[in-house]
Amino acid sequence: MSETAHRAGLREWMGLVVLALPALVIALDFTALHLAVPHLSADLQPTSTEMLWIVDIYGFMIAGLLVAMGTLGDRIGRRRLLLVGGAAFGAASALAAFSSSTEMLIAARALLGITGATLLPSTLSLISNMFRDPVQRRFAIAVWSANFMLGGAIGPLVGGALLEMFWWGSVFLPAVPVMLLLILFGPLVVPEFRSGSAGRVDLVGVALAMASILPVVYGIKELAKVGPAAAPLLSIAAGALIGWVFVRRQRRLTDPLLDLALFSHRGFSVSLGAQTAGLFVLAATQFFLMQYLQLVLGLSPLRAGLWTVPAMAAGVAATLLVPFLTRRVRPVRVITGAFALAVAGLLIIAAAGSSGPALAVIGFTVLSFAVNPAMVLTYDMIIDSAPPERAGTASGTAETGNELGIALGVAIAGSIGAAVYRRQLTGEALPADTPPEVAEAARGTLGSAVAAAEELPGQVGEQLFAVARDAFMQGMRLTTIVLAVLLAGVAITVAALLRGTGAAAADRDGIADGGSGEDDGHSGGTEFSASTKSGEL
């Protein structure tokens, strides 16, 4: 068949527009949610632990289900999974928007994660199926990727405008009409594809993975809340034990959910660790920054969103510079230098005070400018280090690591900040006239403290706000310094262990043969996806 016969026509390009919609709305939802945290905190009065679950349960659900949903789409049809998942995502978004309790919102966010896990692998694999010509496929994936960046860039602006006019739940509502468009036009312009060689869906593996991650995260959050205690320590131990069972089981399977043989290659494991760490830091920093801008400095949601635009623009610009940088400098040196620059950005944020946003915004802009190109290069090294027949598996593993990095960044860094915050708000630190129930609410989150301070008379309210603000700032500073130390360690590790890379392909022989091959539809389209994940932030 001629090359012309493989080229996409009008229907495929119209289909690309439809397939780009989920990428746009997922990235927009993520950034807008961070902006809404102070408002939903004041309304629903969640504890610090519950607030972290609201933000990060979505990422944990996606991380646990991403690979399995890709396999499910291969079996039942990728378009069918996309349309069913899109309808469910829209319904879950409406449920989140109108949540009347913390528990309801956490459940809705979990449903968003489950349904969101159907969208990413479906859209990417369908793009790969529809665009067979390599040049057209690269352009199509670039368009899809650009929608992630666009969603990340406009998310704070759209979210800020919605929060200025409506309630906090309104940030979830843009997904509803977008998913409706997907459902209406998807069947008309997106063809159906199935894989005749699709493997089975490892439901037991998915259950074990989730049962290992969530108890550990729960234990970490509870340790931050109550200190060393039997229940959280037992939860962490139980999660670790289940994780050991998961790994043992994966080693025995011929078609595993997670191909552990890939981790025997140094280039793969170090690059994946670096990428996960970079997204960990970005997500954690943005979680604190949005609260800092609105609750500490008192900026409106729209103004807070506008202050993040320089960081988003810097991240996009730095990503576009990657091809030019790597012509002159080896990728490992670019990654190491980028992480070193990111450490400087974090230290600038740590020096920020409560008088104005300049230092924090400059630091976050430096961080975004540094980390984004490192994410592109680490993803390329992940794929390059895997044998060609396992590129799809490596890509799926990288996507899972991305989601885990984002979710763990909020969970762990948020827990550190919350622990410092609670320990600063002791009885002696609070104003003497603070009612006990108000004091307890103020210890939950800074948003709760601000809401409580507004209800107290005059000087008592002002003193409560000042104490809570200083406690939050101490937690943010300590957490930011911890993140800086983490990234410095990652930079040193990358420099030491990947010193000879370029030789990634030579190490491929170190990975034992076996595992499932790559389906040109399911995995081929994922080659650019992780490089845009930071666009969600």
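Yeah, the Cβs are placed from backbone N, Cα and C, and that goes for glycine too.
Note that TrEMBL annotation is computational and uncurated.
Quantities reported herein were computed from a predicted structural model and do not represent experimental measurements.
Record features, source TrEMBL:
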COMPBIAS  526-537  compositional bias 'Polar residues'
DOMAIN    15-502  domain 'Major facilitator superfamily (MFS) profile'
REGION    508-537  region 'Disordered'
TRANSMEM  51-69  transmembrane segment
TRANSMEM  106-127  transmembrane segment
TRANSMEM  139-159  transmembrane segment
TRANSMEM  165-189  transmembrane segment
TRANSMEM  201-220  transmembrane segment
TRANSMEM  226-247  transmembrane segment
TRANSMEM  268-292  transmembrane segment
TRANSMEM  304-325  transmembrane segment
TRANSMEM  332-352  transmembrane segment
TRANSMEM  358-383  transmembrane segment
TRANSMEM  404-421  transmembrane segment
TRANSMEM  478-498  transmembrane segment
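Long-range contacts of the transmembrane segment (106-127) within its own chain (CB-CB distance under 8 A, at least 6 residues past either end) are made by residues 15-16, 19-20, 22-23, 26, 29, 50, 53-55, 57-62, 64-66, 68-70, 72-74, 78-79, 81-82, 84-86, 88-89, 92-93, 95-96, 99, 137, 140-141, 144, 190-191, 193, 396, 399, 519, 521-526, 529. By the Cβ criterion (distance under 8 Å, sequence gap of 6 or more), the transmembrane segment (226-247) is not counted as touching the transmembrane segment (268-292), fewer than 3 such pairs being found. Below 8 angstroms of C-beta separation, residues 274, 278, 281, 285, 289, 292, 322, 325-326, 359-360, 362-371, 373-374, 377-378, 476-477, 480-481, 483-484, 487-488, 490-491, 494-495, 498-499, 501 of the same chain, each at least six residues beyond the ends of the transmembrane segment (332-352), sit close to that stretch. Long-range neighbours of the transmembrane segment (51-69) within the same chain, counting only residues 6 or more positions beyond its ends whose Cβ lies under 8 Å from a Cβ of the stretch, are 33-34, 37, 40-41, 81, 85, 102, 105-106, 109-110, 112-114, 116-118, 120-122, 201-203, 205-206, 209-210, 213-214, 217, 221, 257-258, 287, 396-397, 399-401, 403-404, 406-408, 410-411, 414-415, 418, 445.
Contact between the transmembrane segment (478-498) and the transmembrane segment (268-292) is supported by 3 or more Cβ pairs under 8 Å, counting only residues 6 or more apart in sequence. Just going by CB pairs under 8 A, the stretch in 165-189, 201-220, 304-325, 358-383 that sits most against the transmembrane segment (404-421) is 201-220.
Within its own chain, the transmembrane segment (165-189) has Cβ neighbours under 8 Å at 11-12, 14-15, 18, 21-22, 24-25, 28-29, 32-33, 35-36, 39-40, 43, 79, 82-83, 86-87, 89-90, 93-94, 96-99, 158-159, counting only residues six or more beyond its boundaries. Against the transmembrane segment (304-325), stretch 358-383 shows more Cβ pairs under 8 Å than any other of 139-159, 201-220, 268-292, 358-383.
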